[in-house]
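Chemist: This is the structure I want to talk about, given as structure tokens.
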């Protein structure tokens, strides 16, 4: 059984056989669901918690609303 991976940028589940696996020079493996996520993280150096359409942003927003 093949396990589903989560996108390293937006946190969305990636179906087996789809997406992009990116390996950094230091050996870290990053999984991306789309070219949009890959470009935002690799080329534009954006942090997921500051981009409004990511799961990490929404989780942080919920935490702020509770306090």
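Every residue gets a Cβ built from N, Cα and C, even glycine.
As annotated in Swiss-Prot:
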- 7-37: zinc finger (ZN_FING)
- 7, 10, 33, 37: Zn(2+) binding site (BINDING)
Chemist: Starting from each candidate's C-beta and looking 10 angstroms out, tell me which of the binding-site residues 7, 10, 33, 37 has the most other C-beta atoms.
Modeler: 37
Chemist: Let me know the model's mean pLDDT on the zinc finger (7-37).
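Modeler: Looking only at the zinc finger (7-37), pLDDT averages out to 97.
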Chemist: State the three-class DSSP label for residue 37 (Zn(2+) binding site), counting H, G and I as helix, E and B as strand, and everything else as coil.
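Modeler: Residue 37 (Zn(2+) binding site) sits in a helix per DSSP.
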Chemist: Helix, strand or coil for residue 7 (Zn(2+) binding site)? Use DSSP.
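Modeler: SS state of residue 7 (Zn(2+) binding site) = coil.
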Chemist: Other than 7, 10, 33, 37, which residues of the chain come within 8 Å of the Zn(2+) site, judged by Cβ distance to the Cβ centroid of those residues?
Modeler: 8, 9, 11, 12, 14, 19, 31, 32, 34, 36, 54
